[in-house]
């Protein structure tokens, strides 16, 4: 990491600025799903289930290709203050849509549709507890569940690589890795980065929450994210016993 | 139990006909909710969260009384075959509505609204894995979460008793307690019973799935349910360290 | 009836505790439907229409079996205070769902799907005026409409029996049969019972509105319901000229 | 009527071309509503209920003026072939919206808002059986229910006149009054006309179903409608005992 | 025009009572649609797009006949005070439904379905700016877009005539043609008239906004509308270079 | 630009790789809105309307601060193949939600809420014709409409800077600026960048559509975007006569 991290303000949880929270990846947390993972980034806890089924959506029939899609949701009591259920409101909010689409795109980046055959894998990422970084935890965990689901379908070769994701942000002028809620709400700039296991970018989504950021700050955040994703890739490998 | 249980057909999981599945009640499973319980009836796993907040719904304002309500939902991958999300479908199904209402009524049966003051406790019962008896597990676990939420609000005295619930059914002519999915789908008659810790009935919901049932069968099922609820009441007491 | 009914508090309408309200079953109230009944339990008035059509829902095609389903609804001005239309609200409430499902299950309990052939009968139970017991009136009337619809389809043999339903409750400690609205709102315990014409139970749905009830009270309510359903079965037979 | 009616093709029900179907207006059909009418135009049967309540919608508060609004709906089994419920479909169709708005406008044409005070009358027109002309029957019946509701609110003076409505159409070149379903589906031109008791027009809604119509045909239809509305006005007077 | 127009109160925009606003019909305003027109009636500006596609709705398949349908909508900022989006509200309002249906019926009045073959033309009429008469401008412009779409499908012969529409109303006792918003809100009677190019009526929709109107006033409005539609028909011909 | 742009494959429209399409910003396109702009990026045409109103949403009342929000939508016929209306589907899609949120965040980045006072400005960005880059055109045009709306509210000082947005992407290995539809669908990587007039980043949203991208490619895209936003900033200044 660069010298920006040498800031005198320490993180509440004592981590270094370029250090991930304690990460826990528990495979096989459910009995029915083809793949399932309880992924924890500190207090953030997301249940990622991959359901495999034969056949593909109508628009893809006869193509010989498979399909991977994802849905993200938060349990009402997962947040600091209870949130209303989207099923009760009768409509899915913009944020939920946005994150579901992000997860789907991220996983499809490492899928060879032809090698899947006409099978569908549906990822469900349900946030049991939210403490910042739920979408990046979801992507990181969902990849592991996807590996197990591909294996259960007998199409392990459909995976062309791995993906992991992490959040980075600038807090009080300091770039930091893997923001918990208390840092997330104070961040001037917030970025989610999805990368392959070989270090290429799949998604870069940066937003100025407070002040706009310059190119130098952007570069520092990208450096941090590259380190975080590399660390997560290694943890995924360990969890998969690969 | 009566002599009906002396049937030669053993249960798949080796239990006696009047025996509960292994029950596990884990308190404090979440960090934010006022009360939270992961309750397990065998492979059935329900996360019960009780969120406490000041104030009551508009129609109750100024009454000096509190309110308790509940919502039930199943995660898509909780079932043997993935179910579509109700938020995506844009409407809540009849079964979900029915169970949410049942849980709410059951918990309100042991609440003294006056002693609560104008506070609201919202129970969220989310089925993480379903293997039969999700609504009865939800009620049994939600009661424990409710106790913790009342304590956190400083209104422990608002609870006038305890509630627990269990399913019973007739399989191949034999009344059995606490049906897992494989028994539930084969049951001729299916009944959910909610009882107070002192052995009184709060809800009795019996349905002839196959043939209509006679009064003698109904009596045998009620006997079994009384035993099951008494056992669950004891397990709740242990979990609460009371 | 048992001695509980020897209470000194008379019913507002002068009935004995085990006496039904005046029941009126008018067949053929509509011109288009295959079967139609205007059923009256005192001031409660429900229009039950059975529409018959060839074919079955997709999931049942090719099975050779028929299907029976039901929908319940209340007209806005049927209640003491006008209720909003569910079509205007854009969603069906939990209570409506619950009752529609109950009516459907109750009628299906006396249907032999094979004898129906691949035909569908759709029951519509619309409450024109509500004064307690709308769901039990609906079931009792819908059965009669169903008989006419089966006859019109030429599958009279698809009916394996009859069903009737009645509400019972405990008011001021006294079990009573067929509660009008004024009694319903005061009932400590409220139970709806659906029975076949041969006296077997199809549904038992008891709820403690106030205090939980003991086994002896439950037994008294079941006794009352058995009597009420037997009386309704007789009235159905008369209406059908059987 | 003019010479167009001297057509050799007689009407199926034997009526003269300028003759209404048998009209029946039954007041007080419901017990709870402030005013209620079962109106029958031949086999068309519409239940019109007027619910009165204190207060007005938010946008009218403090104006000292009342409000009258209407909702129209068809029961599923009212039509020749069963129609799906709009509550089940989750949205109200264009035709329903259109007719509800027409009924509301028609009734408001004879209301003096100031004389009503800040009260609201809600008309519900539910078609129990449809055989053509449901919207015109609804308006004709709703007016009578409105009179009773105004009286019950003690604001009989809020009515500045009466309204009645009738359908007219051209069938095989012949203008005819009050079309039943069999004529309605064959009409080249279809017109619904709402008039006051004093013979002024409130609504004229003519549609060329087949060929466009010329001014002479339009005039003939208007003549017929004037006669029909005058006849209905007289029947309303009789029903109201005025 | 008749003598009613000899009123001393001049129109705000200086027009004669039987004079249209400046009308502008711009063809080919869009690049993708088969036909497109930006139509302007004074400040009222409606974008009419006709999308052509092979095939027809399911209920029409195999008939050999085509289909024409229309949807009307207003942009939020088109009105004097911003209106909420119907997509955001999640439901289409009654007025929108009503106008979409009117436009569709009007255009279908000049279509020979057989000559279209199994093709569908969908008209989208989006109001970019509203200043009264949006529905009549939409019909007038949509007809021109429809001509271009038929030509692009190679079925120019499917058009059996032309349609144009105009609003008329009585303001301060004076019948006037083509009302802008300031006149529309003050009109005692408001009528929209759709006519063919040969002077026959397709739709006549008159509404008493204030006082009911008599036959003489109705006749005066119809006279005005006939003149206005004839003028618009001529402008359509010019725009089409026919 | 860097050497990547020196590719031999020319762009279909003959532009240099770092060249914008012809940009047209027409202010005051509507009469009612406080600010309105028709913005054109080549064939992409977006109508941006800024409606100003006193008051703020409930959650912001009493704060003394203003609010700016945005909604994006596409007209059905704006796309190459007609898209269904979201109002008809009854729900807003994920893409629409995502872009509405992006536009709102981008504009709020240059707003001083305190200087606005308790006023709200609502931006409506309706795509009249889509040919790639609709969201970036919307942001660029909406900023200009926002300036006019602030002026009309008398709070010109609420703007702390300007924002503009552009899309960039890698096509056949070559980074290119401002992609039309034909390039967009072929892009391996697609990025939307929002920048302030002073060259700081507000949003960076990059997505690997085909292969993941490396840091060098990311840098090249950011360089291009910086140039494009600077050019757009200049065009905004000219349009505003500043």
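Cβ atoms here come from the backbone N, Cα and C positions, even for glycine.
Predicted automatically and left uncurated, TrEMBL annotations should be read as such.
In TrEMBL, the phosphate site is described by B:133, B:134, B:135, and among B:91, B:95 the residue recorded at this site is B:95. With a threshold of 8 Å between CB atoms, the same-chain residues lying at least 6 positions outside the compositional bias 'Basic and acidic residues' (B:10-20) that come near it are 1, 4, 41-42, 166, 174-178, 180, 182-183, 224, 227-228, 231-232. Over the domain 'Exoribonuclease phosphorolytic' (B:19-149) the predicted model carries a mean pLDDT of 96.
All chains included, 26 other C-beta atoms sit within 10 angstroms of the C-beta of residue B:134 (phosphate binding site). Under DSSP, residues within the domain 'Exoribonuclease phosphorolytic' (B:162-228) fall into helix, strand and coil as 18 helix, 30 strand, 19 coil.
The Cβ of residue B:133 (phosphate binding site) lies under 8 Å from the Cβ of B:41, B:44, B:166, B:167, B:178, B:179, B:180, B:184, each on the same chain and at least six residues away in sequence. Residue B:135 (phosphate binding site) carries a helical DSSP state (H, G or I).
The number of other Cβ atoms within 10 Å of the Cβ belonging to residue B:135 (phosphate binding site), over all protein chains shown, comes to 24. In the three-state DSSP assignment, the secondary structure recorded for residue B:95 (phosphate binding site) is helix. If you draw a 10 Å sphere around the CB of residue B:95 (phosphate binding site), it holds 14 other CB atoms from the protein chains shown.
Close to the recorded phosphate site, the chain also has B:72, B:99, B:127, B:130, B:132, B:136, B:137, B:138, B:192: residues not among B:95, B:133, B:134, B:135 whose Cβ is within 8 Å of the site's Cβ mean position. The maximum pairwise C-alpha distance among B:95, B:133, B:134, B:135, the residues recorded as binding phosphate, is 13 Å.
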